[in-house]
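What TrEMBL says about this protein:
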type: DOMAIN; residues: 38-297; note: domain 'AB hydrolase-1'
type: ACT_SITE; residues: Ser110; note: active site, nucleophile
type: ACT_SITE; residues: Asp267; note: active site
type: ACT_SITE; residues: His295; note: active site, proton donor
Amino acid sequence: MKQLYPAIEPYRQEKLKVSELHLIHFEEAGNPNGQAALFLHGGPGLGILPVYRRFFDAQHYRIILPDQRGAGRSRPYAELEENETWHIVEDLEKLRKHLGIERWLVMSGSWGSLLALCYAIKYPEAISGLILRGVFLGRGKDIDWVYGGVGTAQIFPEQWAKFKAPFKESPDQDIVAKYYEVLSGDDKERAKKLALIWASYGANTMTLLPNSQSSRDITATDKMLALARTECHFAQHNFFLPDDNYVLDNVHRLQSIPTHIVHGRYDAICPVGTAWDLHQQLPHSHLHIVADGAHIPTEPGMVDKLIAISDEMKT
């Protein structure tokens with residue numbers, strides 16, 4: 001079984017001005033002259049974690065890891081203004097051109113998979129390959145699965161009860177709107193309290209077995225506010241997609257892009273049926289269902305498959 005590559009430090013860290021308001025932070029690691037590989041974090045709003053560098057052979061790949069708008073070390077922190085899916089798509093293209101990269105391999109997961117698909121639909125010529133993990137398509141039913149009490153809540157009812165507790169009198173379908181009202185409002189102290197509850201809900205439903213490190217990564221003080229505000233902002237606005245089935249209606253544009261889909265059988269946040277739906281619309285793609293996988297990329301079965309694919313896609 002393949003293991004994560006050894007820990008490495010970035011050789012370059014910079015900020016790129018992508019609008020009058022936003023600066024995105026990015027880092028590069030690995031081989032400066034190697035094959036370009038872009039890693040897109042989840043959330044939205046989570047930011048880059050050092051472990052993400054370890055999914056690639058640093059001797060071969062030039063690994064680029066950006067913090068998306070408002071996330072991580074991008075500035076302004078946790079900013080919602082001018083922070084929509086298509087803003088971030090354009091940021092990726094600006095970053096590619098800034099770095100002088102012709103095409104790059106894109107690895108992504110969860111929200112990152114939706115972002116990668118939107119980017120690939122608009123700029124297919126910029127992508128040499130896709131590795132999509134824990135697929136999320138931004139449809140109404142995908143949002144309801146996580147935040148509407150119909151999916152994740154049925155697998156983790158105790159976590160759903162904690163998540164819903166601040167608004168326990170409200171119908172399940174109104175919970176996102178209730179959180180959004182507070183997280184985007186002026187009461188900063190209440191927003192921080194709700195941000196921790198929001199982030200904890202995701203942290204405690206994303207692993208096959210309890211994982212304290214994953215929980216700490218997501219509920220860390222420097223991450224939870226951006227994660228909760230941005231994730232809720234996107235969920236409240238249906239991830240800023242033109243229509244509910246936008247991705248599946250447009251993935252025909254990806255037919256020439258080598259694509260691997262990796263999905264944990266027991267993913268409680270993005271059910272495996274979502275990956276199946278994408279695979280049916282992309283018959284040339286390779287679907288890998290990991291028998292002992294859940295949502296996070298760092299469980300053993302997921303690591304094994306993701307690294308095997310990143311090794312296979314070396315050129």
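Cβ from N, Cα, C; glycine included.
Remember, TrEMBL labels are computer predictions, not curated facts.
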Inter-residue Cα distance where the pair is Asp267 (active site) and the residue listed as 'active site, proton donor', in Å: 5
Packing count at the residue listed as 'active site, proton donor' (other Cβ atoms within 10 Å of its Cβ): 26
Between Ser110 (active site, nucleophile) and Asp267 (active site): CA-CA distance (Å): 10
Local Cβ density at Asp267 (active site) - other Cβ atoms counted within 10 Å: 29
Neighbour count (Cβ, 10 Å) for Ser110 (active site, nucleophile): 26
Mean of the pLDDT scores, which run from 0 to 100, over the domain 'AB hydrolase-1' (38-297): 96
